Structures are given as C-alpha cells and as structure tokens.
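Here is what TrEMBL says about this protein:
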BINDING   Arg47  NADP(+) binding site
BINDING   His125, Phe126, Ser127, Gly288, Lys303, Pro304, Thr305, Ser306, Ser307, Arg330  FMN binding site
Amino acid sequence: MSANWGRNIELSIFGESHGKALGINIGNLPSGIKIDMDAVKREMARRAPGQTLMATSRREPDEVEIMSGLVDGITTGAPLLGMIYNTSQHSKDYSELKIKMRPGHSDYPAYIKYHGFNDVRGGGHFSGRLTAPIVFAGAICKQILADKGIHIYSHVLSIKDIKDDHFSVDITDEQLEELANKEFSVLSDEKFEKMRELILEARKNRNSVGGKIECMIKGVPAGIGSPFFDSLESRMSTLFFSIPAVKSVSFGDLDDITQYYGSEANDAYYYDGEIVKTKTNHNGGIIGGITNGMPILFTLGIKPTSSIALEQDTINVATHENTKLAIVGRHDPCIAMRAPSVVEAMAAIAIMDEVNV
Ligand SMILES: Cc1cc2nc3c(=O)[nH]c(=O)nc-3n(C[C@H](O)[C@H](O)[C@H](O)COP(=O)(O)O)c2cc1C
Ligand SMILES: C=C(O[C@@H]1CC(C(=O)O)=C[C@@H](OP(=O)(O)O)[C@H]1O)C(=O)O
C-alpha cells in the first residue's frame, strides 16, 4: 500500500480511522515561511466531523500537532509532520463488517487484496478520515500559494438534483471572498436550504445522497504543466481520485462542452492591456495540459455514502452465503457537503507540486 505522492513536494500519509492517530509528512517545503496556525485551524474545522446533522455524528477535535519542521511558527525547510490523534473510536460498530461486506465501501476489494488483514474499523486506511491530514497539508500549501497570488475557492454545485449556480466567468473577488467566509460553501442561500432539507430527509430515511463540487483556482500563471502523460489535468486528477467517494472529475464546463459546436466550445482570446485573457472559460484554464492563465475550473462528482442503515443484500465471506446487512454506527448522510475543504486542499497540493516556490 503506497503512502507517497509528489515530485516537487513529497507527501507521505499514514493512519487509520480507529488507530491511535493519523497524519502527513510534507517534504521539500520552502524554508522561512510563516505559517498562520489560526488559518490551519479554520480549514480543519471546515472539514471536521460531528458538527451538524448533515454530517457523521462522530465528534473529533481534529487538532494538528506539529512534530517537526516548524520553529517559532516558521518553516525550517525540514520535513513538516502534522499529527492528528483519534479520540472517538466506536470499533464495536464494525465487528460484523469483518465478514459481511458493505456494498459500495472498500471492504470486499480490500479483503481480497490484503487477505482479510485490512483494518475495517471506521474504514481503516480507506476512511474519509484520511482527508483530515490532507486538509492540513492543503492549508499549508494554500498559504504559500496565496503569497504568490494564487487563491482557491469551491462550492457545492449540487446535492442530488438540487443545483447551485455555476461560478460565472466574471465572478468578482468580493463574491468569492464572501463564499469563502460562509459556514457552508454554497453560493445561493436558498439552494443551500433545499440541500439541507434533502440531506436531513435522506438521513431520516436511513439513506444517503451524493453531489458535485465545483472549484476555481485563480492566479495560476500561463505555462504551468506539460503535455501528454504529465498533463496538468492528469496530475491533478490523481489527487482528486484519491479522495474517498470521488467518482468523476471534469475540467471546464462539466459535460456541456460535449454538446457545443466548436465555435461555442473555443475560448476566444483577447488582450486586456498586456494580459492575454479569454472571453469565456469553457476549457477550464488548461489547454494541451498547460495553463493558459485563465482560472482553472473543475468539478468533482461525489457518490452517496455507501454505509446506510437501510437493509441491503450482501455476502458473508466466512460462510460463503448470501445475506442481508443493515449498517449500524455513525455515517455521513452526505459526504459532498463536507468535501469543499478537501477539494481545495487537494487542488492546493497539486498546484504546489507544479509551481516553483
Ligand atoms: C470527508 C469524507 C467522509 C466520508 N464519510 C463516510 C462515512 O461516514 N461512511 C462511509 O461509508 N463512507 C464515507 N466516506 C467515503 C468512503 O471513505 C469511501 O466511499 C470508501 O473508502 C470507498 O472508496 P470509493 O468510494 O472512493 O470507492 C467519506 C469520504 C469522505 C471524503
Ligand atoms: C470520522 C470521520 O468520518 C468517518 C468516515 C468513515 C468512512 O468510512 O469513510 C466512517 C465513519 O467512521 P466511524 O464509524 O468511526 O464514525 C465516519 O465517521 C471523519 O471524516 O473525520
């Protein structure tokens, strides 16, 4: 099971949902960067579980203990290791799940690959909880990128069939900052209320719902990325598909670009003074695997949580029988509502790996 990612920065992630702790080691960070730990805390709190009925009831403080790489709040250039202790493991919930495979979760493929030795408790290393250290690493990268004028924003574009507005090409910095300061990352307050009702209804019905996250990265200069195997979309997508429950990644105008004529899909260039811009941004700021200077725009599709309390058909791998399973325990009725901080973190890590800092 590999733990590492990155070419410029080096990430090494570890931990399980019900283990003692999880964390991440970040190598190759620049020295002399003042880290704003309050901003890190805010990012961790955006993702933390147990805060509303729209999330899992597992409560975790998700405080990060920095074990190395920081002196007086300033990076030394040595590997920065952030540790997050688990405090609320209810492992009894998982006793049946060692042999009864949850449809839609990692249990069965992991049972085959790791010969039944994989930790199923809370999803083990496959848990959405592994996104806590990712948000920590992303918060560090975000701060370094912000100093270079690169800013990342995301919102819940849809929950099931309820849609928020798309990011428009002329959205202002003020509107984006307003979004960044909201408790829940949804542009339209009216749509957010509808999303919340839908999620709570699904929870009441012992079910779950999925959704989409739209993300925009502003300020990345033209010329970042490479063609073919290393296209920027490819590099970013490896990180996006590492987020548990992400099932689709698309750049630019979602699937709509496939329905356009070429004349509609092309983004016409113009000079704004000395700056080259495009009138539209249907291609999401990346052409030929390289940035064109427009905001990078992408959307991730997140499936409904697989662990639901409704009875489902499954298998018992101990007795080799078909059986039924109603999952007990604490689970998110909707992962997507918690995902924006995770998506932004992964976007920050991806760009940090490409941009020389
Ligand atoms: C923030 C976050 C929270 C999650 N919470 C849960 C959960 O409570 N219950 C669950 O079954 N899956 C949850 N997941 C998703 C599972 O971890 C994921 O579906 C599982 O590892 C299988 O991977 P896959 O869906 O990518 O194939 C969560 C994912 C994220 C990103
Ligand atoms: C704890 C978190 O989410 C967990 C993600 C998760 C899973 O299967 O992914 C299963 C649940 O774990 P448990 O059964 O231990 O409560 C969630 O609570 C978190 O995101 O921090």
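Backbone N, Cα and C define each Cβ position, glycine as well.
Unlike curated entries, TrEMBL annotations are predicted automatically.
Shown on the structure are the features that TrEMBL records.
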residue : record               : Cβ contacts under 8 Å, 6 or more apart
Arg47   : NADP(+) binding site : Asp62, Thr131, Ala132, Val135, Arg338, Ser341, Val342
His125  : FMN binding site     : Met1, Gly15, Glu16, Asn118, Asp119
Ser127  : FMN binding site     : Glu16, Ser17, Pro244
Lys303  : FMN binding site     : Gly104, Gly210, Ala245, Lys247, Ile335
Thr305  : FMN binding site     : Ser208, Ala245, His331, Asp332, Pro333, Cys334, Ile335
Ser307  : FMN binding site     : Arg102, Gly104, His105, Ser208, Ile327, Gly329, His331
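Less than 6 Å separates the Cβ from ligand 1 in the case of Ser127, Thr305, Ser307, drawn from the binding-site residues His125, Ser127, Thr305, Ser307 in sequence order.
Ser127 are the binding-site residues among His125, Ser127, Lys303 whose C-beta comes within less than 6 Å of an atom of ligand 2, given in sequence order. Per the record's binding annotation for FMN, residues His125, Phe126, Ser127, Gly288, Lys303, Pro304, Thr305, Ser306, Ser307, Arg330 show a top Cα-Cα distance of 44 Å.
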